[in-house]
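Step one of this worksheet: look at the structure below.
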Amino acid sequence: MSFSEDLSMLVAALGSGRIRVWALGAESLRQLLPPDELELLDMNDARIKSKMLHDENDKAHPSRDLIGHQSAVHGVAFSPDCQLIASVSADGSLRLWSTKIWGGALSVWRDHVLPIWCVSWAPSYGHYIATGGSDRTVRMYACDHAPQPLRIFTGHKADVTTVAFHPNVNYLASGSADRAVRLFDVRSGKCVRLYTGHKGSVQCLAFSPCGRYLASGGWCGATCLWDLGSGAQVGQLGGFSTNNFKSRVSANAEDTSQLLTGPVVSLAFCPDSSSGRLATGGLEGALRVWNVGSGKVSQVGDNDGSLSLLGVHSAMSEESRGSGGSASCRWETDQYYSMVGGYEVARGCLLDAFFTRKSAVLAVQFAHPYLLLAAGPYNQI
């Protein structure tokens, strides 16, 4: 599932091979007029864009189906301008659809020899698309030209399950069933960073608005935060087991239910970088909102202190440089996967948790710092 950039539409990939698009606002999904009728329009008319679509009094279409894939559709994504939809399927094809014509696919690429699991558009530069599949490769295409992929990125040891472009489009991140996250240089095609730490398949990726940090969600239930500059793991949210709470006097039932995270399948940073908010959607039906800039951590030693999650990483880096590479302070980990912080960090960072009955949260997106949209299949688990 995926929201359009302007939050006017939602698209879902279906196991039947269909793609379904819903209108989220008052307007229905209108269709472009036929070419012979478009020629009759006055191009100098101020309302030309509206008149190019079918009459508003025509039959309303709150949803549309796109048909063409021969097998289950695994990934869908809107272009930044919301004019196109890219889809990938178990049939090994990447297809491009128009949100104005609602007909057959505009373009079809069949370069992957096995099922394709994920697709992503480059932000701002809407001509570039990245895909990842069972052939363990990441491929980048230009939708305005070239029938062949512009780049093929290799290195993963298992299926590529998620891809995401950096905000400046110079880098492309990919996550895999091999439990690793790789960062590729788009121009050279080389892997410039390798991040390891997940205990299961990596399911989703999201870059921070500033472009310095990368968040990755995994099947193990952990959300890892990585510093692109240093290549270090800043911290980790979730991924606890019940053993983490047995020795904690402060771990009540509410803490346990909120922090025992299931597989993380969707991620979104708030566009307002000053808010520090990160939303995670879980396969078990939980939507959690974290503030990665306000987590508290207990320092072991003579003095107690509290730092933000990102502040902890900065402080340890400075301490390490000042002591010749060995940090003098120790941070509680509580058998926590993260190298930085532990239970106290996660508890301090968690702003709120919302639970559905059974529906997985497959898509999340901030409308503004205090409004978050989430979507998933109703009662399908």
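For all residues, glycine too, the Cβ spot is worked out from N, Cα and C.
Database features, via TrEMBL:
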REPEAT    66-98  repeat 'WD'
REPEAT    109-141  repeat 'WD'
REPEAT    153-194  repeat 'WD'
REPEAT    195-236  repeat 'WD'
REPEAT    264-300  repeat 'WD'
Summary of DSSP states over the repeat 'WD' (66-98), given as helix, strand and coil counts: 0 helix, 18 strand, 15 coil
For the repeat 'WD' (109-141), residues assigned helix / strand / coil by DSSP: 0 helix, 17 strand, 16 coil
Within-chain partners of the repeat 'WD' (153-194) [C-beta distance under 8 Å, separation at least 6 from its ends]: 117-125, 128, 130-134, 136-140, 200-207, 209, 211, 214, 216, 218, 224, 226, 228, 231
Cβ-Cβ under 8 Å with the repeat 'WD' (66-98): same-chain residues at least 6 beyond its ends: 1-6, 8-9, 11-21, 32, 104-126, 129, 131, 133, 141, 143
